[in-house]
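Novice: Right, I'll just put the structure down here and ask away after.
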């Protein structure tokens, strides 16, 4: 039993189809419980009022925006090294999900920033690096769309993903060079004293777990679609050959 | 390697090679800036380092699609790929030729355009130094973008989309050096980081460029 068994598209499809209903249901339950708990059963913050509650969308989507890119990096590496097609297709499937997560994080951040900081947008390091991440996603998806041959596309996009990751990290630290900015630092780490209060952090963890499961479900689903699309293509090519 | 460099330089300098187009573009972008933001000299002096850096970056970007596309079309890229010279060296030489024909003229033209934008006197030296250190990185990163999109018919716009995010760190540190220099502040930290980005790009990116070029030539 090893993870490489799932490089076989048939095995991958069979297994994901079995776990998919559980993933959909549990992510839906977790997100709705987390959001309802967060929106209606937490106290208003004494400084931020009820605007603080957008955190339950903002933080999980930001978390997934970064981790989706990280997942694409890992699957691209697997493709480059071991050449498993499922891995390349999973990277392709994850990119649009990552874009949507990035947009959600940027938009909710703007909606939250307007009453709190008095501005929709500021060229703060964290905000800027998210915008750059968004551009990287766009370029990655555009490259996938532009190339016809699937193997060439997988090769080129995976190398772009590797190079892009380095430059994304560089940009992240380069924008730090400006002044500290408005966005607060990390406030959910386990080793820090000053964290978000428990009343907020518990529903937040529920939401984060829900978003993780939702992301996994979406990627499985989209990867399955990609595999089937590729199969249809192969079948049609065979048909044409026989005809 | 030297023969290849000389060939690329000759092709670029002779008629129809497009040498000078990047320079003219740089000139026109810089000239357009006062038209769009107004002619107040204090404002121009403040934004001059950033505008000059952005103009140089765009001029570099614009000349990238000629970098490999011509050799791809007439098939000489296939010959270069099968030649005994490793593809990594070939792309490095290509990037070097691009820098000599595009980056270096930009560096030399920048002070003249700085006068037009009322750049403070102490800023000239740091503008030139930052461009001199930063433009090689732009050429090498651009070569990677050109290699990625070489086989595509309408690769130009896509290449801009791919290359621009990769230019972000270079642009930030480069214009930071120029800005701090113009305002008379200490420039050492961004200067070292800019040099580091250039050195690392020159050392590592040719391998990535050669890898994608091999995929595209398959």
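Glycine residues also receive a Cβ, built from the backbone N, Cα and C atoms like all the rest.
Here TrEMBL flags A:14-183 as domain 'Cytochrome c assembly protein'. Among the features that TrEMBL reports, transmembrane segment is placed at A:21-42, A:54-81, A:93-113, A:125-144, A:156-175, A:203-221.
Tell me what's around each of these sites.
Specialist: This prediction places the mean pLDDT of the domain 'Cytochrome c assembly protein' (A:14-183) at 87.
Counting same-chain residues at least six beyond the ends of the transmembrane segment (A:93-113), those with a Cβ under 8 angstroms from any Cβ of the stretch are 51, 54-55, 57-58, 61-62, 64-65, 68-69, 71-72, 75, 119-122, 127, 130-131, 133-134, 137-138, 140-141, 144, 182, 211, 215, 218-219, 222-223, 225-226.
Residues 62, 65-66, 69, 72, 92, 95-96, 98-99, 102-103, 105-106, 109, 153, 156-157, 160-161, 164, 167-168, 171-172, 175-176, 178, 180-181, 183 of the same chain lie 6+ residues outside the transmembrane segment (A:125-144) yet bring a C-beta within less than 8 angstroms of a C-beta in it.
Proximity of distant same-chain residues to the transmembrane segment (A:203-221), defined by a Cβ-Cβ separation under 8 Å and at least 6 residues beyond the stretch ends, is recorded for 16, 19-20, 23-24, 26-35, 37-38, 41-42, 55-57, 59-61, 63-64, 67-68, 71, 90, 93-94, 97, 101, 188, 196.
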